[in-house]
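Student: Starting off with a structure, shown below.
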Amino acid sequence: MNLRRALHFVFKVGDRSKTATFYRDVLGMKILRHEEFEEGCKATCNGPYDGKWSKTMVGFGPEDDHFVAELTYNYGVGEYRLGNDFLGLTLQSSQAVSNAKRLGWPLTEVGKALYLAEAPGGYRFYLVDKEQPPNDPVQKVCLAVSDLQKSTHYWSSLLGMKVIERHEEKTVLMGFADTQCKLELHNIGGTVDHGTAFGRIAFSCPREQLADLEALMTKENQKILTPLVSLDTPGKATVEVVILADPDAHEICFVGDEAFRQLSQMDPSGNALLAKVGI
């Protein structure tokens, strides 16, 4: 399973301009690529919407070795209802803390050298006030679960993640590799509500594993939201994906790694493409 990679988390955004300010100017991320689509995604990448939408990938470095954010904008949809499913993304950057203070972006101190900032839409980001590391500053994504034992079994036994830390019956930290962004499952002891703002976490695996992964989930009677399908991006590589749902209905995308590495190459014109749509 060390061939599997944590790639990105999908956030639905209602205000692209304010969102760009947060990720670029506060967090200090770069625009890696921007893509416009005339109709909804076959794998519901943009949610249950059929119309025009855009995807903007932002991160601290190339997608080959950084966990990034996918900002999905559905034209005509200005806001989404938050649930309790996404509990936060943690990154290490004293520069981001300084940027937030300089720009007057609200910060709440929640621990020693730890601040909470909210992105437009209410998504939580935890900023560790330490020098940004030379590798990826993104440390973990935290998701709510209703049954920690059941979810841990799903992510470790079925998807192949390694358990790194376990804190009683409250949280489990896991990942495919020590050098990658980790996934933290947090037991909320109740129903997980996804609202309409629900996101999706994405991973890659060798293309040859996609059919086997789908077959395993079928055998184990687990939910498959989108069976193996090819997705086109105008002018770029076609990728194959399988979309799953864990026991709490968190959406999980697995994409063939070989084609995704081609698709996800940084586009130097990303900022210009955003400017073209007025951002």
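Placed from the backbone N, Cα and C atoms, the Cβ positions cover glycine too.
Here TrEMBL flags 5-130, 137-257 as domain 'VOC'.
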Student: For the domain 'VOC' (5-130), give the DSSP counts of helix residues, strand residues and coil residues.
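Tutor: Helix, strand, coil within the domain 'VOC' (5-130): 21 helix, 52 strand, 53 coil.
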Student: What average pLDDT does the predicted model assign to the domain 'VOC' (137-257)?
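Tutor: The predicted confidence over the domain 'VOC' (137-257), as a mean pLDDT, is 96.
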